[in-house]
Amino acid sequence: MISATSFVTAIGSRPPRYRTPSPPRRAVEPISPCSTADYRTYRASREISASATSDHVRSTPTDKRPSPADVPASHRSGHGRSSSTIDTLATIALATSPTFTPLTHRPPSDKSNTTLSMFPPETEPVERPAKRPRSERDESSYTQHRSNAFSIARPPAISDSMKTDAELLLNFARPTNLYPPIPSSKRANTDDSYHNHTFHTQAQIKERNASTYWVTNHENVIFNHSAMHNIPPSRMRSQSDGSAAISRPVIEGLRPNTSSSTLPPLAFQEEADSGDRHWDMERKPVLEESQVDFCKPDETVPILSQSQPLKKELDADSNGSSQASCATCNLVRIPVDNEDQDVTWISCDGCKRWFHIVCAGFKNDRETRTVDKFICKTCRPIHGQTTFVRKSSRVRTSIDYAGLNQGLVKSATDSLEHHYIEPIKQNKIRFLPENFPRMRPELVTAEYFEKGNGMTEPIVIPAEFNTHATIPPTNPEFDALVQDAPSQEMFDELLDHLPNVDHETVIDCGQNQLDMVIPQGLTVRTVSELYGPEERVEVIDVKSQHGEDKRWTMQKWADYYESTGDKVVRNVISLEVSQSKLGRLIRRPKIVRDLDLQDAVWPEELKAVGNFPKVQFYCLMSVADCYTDFHIDFGGSSVYYHILKGKKTFFFIPPKDKHLKKYEEWCNSPAQDYTFLGDQTKECYRVDLSEGDTMLIPSGWIHAVWTPENSLVIGGNFLTRLNYGMQIKIAKIEKETKVPMKFRYPFFQKIQWYAVLKYLEEDPVPQSVLAAFSQDENYRFHRKYPIYYEFGERANTEPKGSPYHNSRFYSQAELEGLPDLAKYLLRTALIAGSYLVEGVTADTRNAVKRSIPAMPGEPIDVIRTFGVWIAWKRGNEKAAHWTRPGVVESNAKLSLAEKRPAGRPSRRSERNADNQRTYAERQAVQRLSERPAVDIQKDSAPGDESVAPLANNSPPAATSGIPVPVMNEDTSQKHKTASRGSGLGPKRVACDACRKRRIRCHHKEENNGASGSQMTVSTSSLGHHTPTAQDAASALNSLAAIASGAGFQNGLHSIKGMDRMDASANFATSISATPHGVTLKVGDGSPDGLNSAKKGRSKACDDCRKSKRRCIHDEYGRIDPIKAQERSKPRATSLAKRPRVHEEAAPSSANKRLKQESTSPVAQPVHSSHMDTETPTRAQDSVENGVLDQYPRKSNTQHADGLPAEKALLPDQSSYASPPAFQADAVATKELPATVSKPAAVLVSPPTSLADEMDIHDQVDAGGEHVSVIYTPSSGSRQSSRQPRQVERYMPEVHFAKTAKSTTTTPQTTRRSSFGSSGRKTTPGLSSGSKKSGSRPSSSHGKKSLSPSVEKKAERHAISSAPFGQHGRGSKSEHGTSDVDPDAESLRLIREIQEQEFGLRRRAGRA
């Protein structure tokens, strides 16, 4: 172990240009203890050497160091060094040093009872400990002591410097990971008040001069402070984990070594194998000049028991140290367990000494970052105070972006108080001087405000005026005059002039001059007991201005209020106590009771049962520095405020229109929390209240409140007749700023209605006045002067019943606010009366209805009478326009359907509605199918008219030939979107397709135009008058017309008196005669008219969406005839889905889309093998009457004989998604087979069938097999909503059927048909069979049969794929059931359809 002199920096002692090698940071590790083997021997020798030289060192400080021969040599045990060059050089360098003798590691002697101090002096530095051996680890080595004494002031030799360098080399060469880090709980700072390796006596140490010390475990080595003057200046702050204090000495002027922050610290460790190795370190005092005091031996602390409490005590000692320099402080806290406990050093720019930041007076490292030049206490008289870096005085805030994203802006400071408190305290916020009146309590009466200008500004009743003393019955001065009357005449005269003061004698219950009763000595604890200790109270966090997540109990709040010390500032401002024991002990001021509108108009029977707004008594409990930001009391109510304890400071902003606008903008601003509203309005007044003061705050005044000290306040809110206009204005602001309902005045609207009823009840309008106003809209009731002048000499004395009678005095402020009250209640009456009012939801309408009390008559009639009452009382003015008879009734009213409440109904209501709708639709369909043909003809005949034939190839222009019923205006002119399924958000404006593509939607406008101007629905022929039955019947009639082929048979002129038409006339008539047909514009060749353009889909209702079918219901669950007429939307490509072979019998798979097909039923091909084309009217009759076999025989004969040439369907033109095209190819009709028989496919599923879900197309693959393809709404569909739809047209000439080979010569791209009706064309007089395209499916492979059963039996394979020559044969062979009796089939199909539609259905899957 080297002596302490090796660390002394001697100026000029080193060779010229000699540079001490600096080990890299993190490479220097603490010196390890030597082995235990020969520690005892070595310590004994050191003690002998020290005892022999101690006196000499003390007396001759300049003597030479002991020679190497004086130091007993011992070998290095346990240093298993590697053969590195650095180790070799270091060993050689150490060998040249006479004092750097290898230390033997010996355990402590049992006879040694000297202890080392655990708490070293503050001014003593520390010495570097011995180097730790590589191979051994012995905790007892930390107590080793040096035996060599040395002179403090003598300059060291060159060998000392070289020895230091060698030690550095050794430290550099030593590994840094020999031992794991030792917990800080075992770290100890020990005394090092000795400079040699012996335990010195107190007398020896007293005579020594203390200088700079270094900590090596618990030993200090003295350094010469005077030798530091030539060291280069260096003022750096560095992090140290304590190992720096072990690795390098604290030499004045040099930077402390902080490179070993990751090395294990020196600490006293327990030995598991020995229990007697507890080293009691003697507590040694600070060496100040030459005096050191030792602690008693019995005051030792075992090193093994030292832990965290010891460190805390050391920290406290260091914090409380009066020493200015850590060069003399050995309370070195060197935590190294983690970086959070690192100790920061700072250097003095004056003396260049290093200090721990705590010793320098800094709390943490963050404070040192602002230091420019640090000056220790010793240097301050010479160098001045510590300087800091320049910091801007501008206020900066750190934004909590997470909170800001949620709309909550929090204060960035660490202060517990609100961020406005400090500026207010420092008067940084300027306020205008206030001159609000201070009034005596006897002057504050209702009469004062009613007969004046009302209560327009805050009023303060000082505590010195509002006492509890009784008022004497007479004036003391008058009593003195009476007693001093010299004569009887004078006495009588005084009695005659006795002041007529009417004093009310009341029971003394502790009331003050305002007649307000509040228990004296009320405290927060008492409030807690009276209200209920376990009752909940809402607590406000002042800093965030938001309520706590959970309500506190009154017990918890009382404990918080009475607690002292730093705490989060919280406030209670919404504790209403009227229904508690405390509420029965309080009485409001008389002025408040007289002006309270609620007390005047609320029914007594409701008050008796406790059903009234409870806002009369609020107990406000605030700790110091509470702050409530600017607000207006709910409903524009007025406030009374009495300070029981503490102080309050108000900041008032008058309720001018510009200020209210600023207030509304401020409330909606995201920077509300950090924007002082007073700075925005430029008009803000400050009012300070003390204990006992009472304040009245008028309606609408914007105010904030600061609590300078703990306070207890009793207050309350009340509405008045004097502030109708302001109260209603504030209520509207609350609505605009979206104030939650729980923070609004309860039953505000109901109180206003009760006020109106009170006016009309106590002072009814005479009949003569009502008649005069009703007869003449310009009538004015003449008054000589306003009625608010009628007091005193002008008091009203007219008898009751007179037009000029007043039941009471009406103030000017009250009369001026009545028009605002009438307008406000008129709107509520219109809403309750189901009139159209903008921006009113169903929930709002229901709430308004509940807010209107029971009254004689309708609310609209009552408010109309009140309008006349206002004109009568105000006088000399006309009544409002809306009071005229019939004006209100002329406004639009909601329809019966629109009166239904919005929002998603409950599951139970949904089920009930679905069951009722399903039952009604079933009944309607069953009645329609069972009605005899005669009845239907009787019902429909009176309304039918012949339709004039149109010109050839010209589209129909009107539908005047069909009786048009009177439809709901909303249904015909306004698009009705389906319910979104939830009550959240506005209704969708765009269709789903455009909304998903995020483009502007024009489909709703087109749909509106089409439905409003061109769509006419014929329901008069149904014979049923119930809405559900009519809807169901209408849908069935339309679909029945589609099922019939949607064309006209040539020669069926006997039906309903219709003459035989040519092809174009039949086409036009087929559209016009369709019950739900759609008229087309002139020049529009598409049968769909406007519907041929791309359109999005409205969202289906819940029932249809769950059952996965196209929805034709409106938003109220009824069948929408317009939706029933719309064409279905394309779903998927022809290869999307293929039904399984065994599922071909699934009846509903063919009828999946009816939206567009029912709109234009004529644009549908009909297969000659199944049915003959006939008019939709005829088909409808045949469906309704069940007579399906009357006309097909006639048509078959016509087909056999041949018909005029007409346009036939080509294979590529069956898709409704294709534009209309005319085909010129002719087909010989003589080749048509004569086996075409009855129109079996004449029945369709109801509008809610599966026909609106999938499109089934029969296709022929390469092998000739027929494959049914199911189309679903897939985005991969070729004919998507983004592409124009193409629909076939009809030409007057007839396509003659050719051979199968000829049909293959017209290859066309396969196009899908969305529905059986959409891909089918009608040829008058011709039963056009389907043509087969050899290797490609025909374009008429759509769902050609509107009856699923018939389609699967007759069309799916045979008709659509067989050529004309093989048509009948293929139909016979594959579907022999096509000749089933149509009557039985129709009845069976209806039942089957209903089972599919309203029961559980099985969808066709993939093949």
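Glycine is no exception: its Cβ is also placed from the backbone N, Cα and C atoms.
As annotated by Swiss-Prot, region 'Disordered' applies to 1-86 (among others).
Feature annotation from Swiss-Prot assigns compositional bias 'Basic and acidic residues' to 55-67 (among others).
Residues annotated as region 'Disordered' in Swiss-Prot: 98-151 (among others).
Summarising the annotation, Swiss-Prot assigns compositional bias 'Basic and acidic residues' to 125-140 (among others).
Look at Swiss-Prot and you will find 141-150 (among others) tagged as compositional bias 'Polar residues'.
Residues annotated as zinc finger in Swiss-Prot: 323-382.
The domain 'JmjC' feature in Swiss-Prot is assigned to 577-735.
The substrate binding site feature in Swiss-Prot is assigned to THR628, LYS648. Long-range C-beta contacts of THR628 (substrate binding site), restricted to its own chain and to partners at least six residues apart, with a cutoff below 8 Å, comprise ILE540, VAL542, GLN545, ASN571, ILE573, ALA704, VAL705. DSSP assigns THR628 (substrate binding site) to a strand.
Other Cβ atoms within 10 Å of the Cβ of ASP633 (Fe cation binding site), summed over all protein chains shown, number 20. According to its DSSP assignment, ASP633 (Fe cation binding site) is coil. Look at Swiss-Prot and you will find HIS631, ASP633, HIS703 tagged as Fe cation binding site.
What Swiss-Prot records for 893-987 (among others) is region 'Disordered'.
As annotated by Swiss-Prot, compositional bias 'Basic and acidic residues' applies to 896-914 (among others).
Annotation comment: Swiss-Prot describes 928-938 (among others) as compositional bias 'Basic and acidic residues'.
For 1004-1027 (among others), the entry in Swiss-Prot reads region 'Disordered'.
Among the features that Swiss-Prot reports, compositional bias 'Polar residues' is placed at 1008-1027 (among others).
The region 'Disordered' feature in Swiss-Prot is assigned to 1122-1183 (among others).
For 1252-1389 (among others), the entry in Swiss-Prot reads region 'Disordered'.
For the recorded site, HIS703 (Fe cation binding site), the DSSP three-state label reads strand. Take the Cα of LYS648 (substrate binding site) and measure to each of the binding-site residues HIS631, ASP633, HIS703: the nearest one is HIS703.
The Fe cation site, placed at the center of the C-beta atoms of HIS631, ASP633, HIS703, has further neighbours from the same chain whose C-beta lies within 8 angstroms: THR628, PHE630, ILE632, VAL639, ILE697, TRP701, ILE702, ALA704.
In terms of local Cβ density within 10 Å, LYS648 ranks first among the binding-site residues HIS631, LYS648, HIS703.
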